[in-house]
Amino acid sequence: MPCTTFFHIYDRTCPNALITIRTSIRKAISSERRMAASLIRLHFHDCFVQGCDASLLLDETPTIVSEKTALPNLGSVRGFGIIEDAKREVEKTCPGVVSCADILAVAARDASTLVGGPSWTVKLARRDSTTASHTLAETDLPGPFDPLSRLISGFANKGLSTRDMVALSGSHSIGQAQCFLFRDRIYSNGTDIDAGFASTRRRQCPQEDQNGNLAPLDLVTPNQLDNNYFKNLRQRKGLLQSDQVLLRGGSTDDIVLEYSNSPRAFASDFAAAMIKMGDISPLTGQNGIIRTVCGAIN
């Protein structure tokens, strides 16, 4: 059952929940702007693996193989401590009421607004899983080398349209990527990459070693969630292969061009797609639990 009618579920049981979460998220992002991208990605990587159930937050135990160690997450997904901090603050005033899955969803929305992106009303009433799926984390998350057809089908499998996929890709207007994820692209001398852009990126990403060196996904406004990502694609300055593939003569070209010309269209569609993504297979009602600590089962 989607969490469709529970915008105000905490009004009586935990009236300060959303304000408390926002205060924690604001504090984190004010000390590190990059954390906004990390928190949006955390929600995304959670929802794409057995639904928006905070399964990604569970640590390794003798009975749980954590999603944190799956290849798409290992050494790159971050922000776990920020979610735990927010959860700890919420627990002080209303223990056992607000799920970690809801905190993830609210944190992603707050992260967007704090770096100039759109806001939206977050659906609530998700509950937390008692299981994780390392296996699904290895197979269900889109990758930086995926061709367009795989991106489209991967999002479609989660109930998201091609337009949703392009809009959500716009979250790459903020955040950074590790050298080994874009090395092949910047040394390819391909026709789909601007030569000057490739040359600039090579300075911090040699052909060998320094795999973890970071580069902003958007060089122009790296800390602002805006439509500049799509303008970059028009100039063949997408950092990842999975970015530039959105504007390479395929079915998504028109959507990219529309968003590059209209900040309003992008913002509106991004917010709508985030709401849809947050509705992927949530645990509601009597399903799942409310964890006390996000990294462990009670």
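Keep in mind that glycine also has a Cβ here, set from the backbone N, Cα and C atoms.
Partner cysteine of Cys52, as given in TrEMBL, is Cys47 (from among Cys14, Cys47, disulfide bond). If you go by TrEMBL, Cys100 shares a disulfide bond with Cys294, out of Cys205, Cys294. In this structure the alpha carbons, written CA, of Val49 (Ca(2+) 1 binding site) and Arg41 (site 'Transition state stabilizer') are 13 Å apart. Ranking the binding-site residues Glu67, Asp218, Asp226 by how many other Cβ atoms lie within 10 angstroms of each Cβ puts Asp226 at the bottom. Spatially, by CA atoms, the binding-site residues Glu67, Asp218, Asp226 include one closest to Cys179 (disulfide bond), and that is Asp218. Geometry remark: Cys14 (disulfide bond) versus Cys100 (disulfide bond), CA distance 14 Å. The shortest Cα-Cα distance from Ser55 (Ca(2+) 1 binding site) to any of the recorded positions (Arg41, Pro142, Cys205, Cys294) is found for Cys294.
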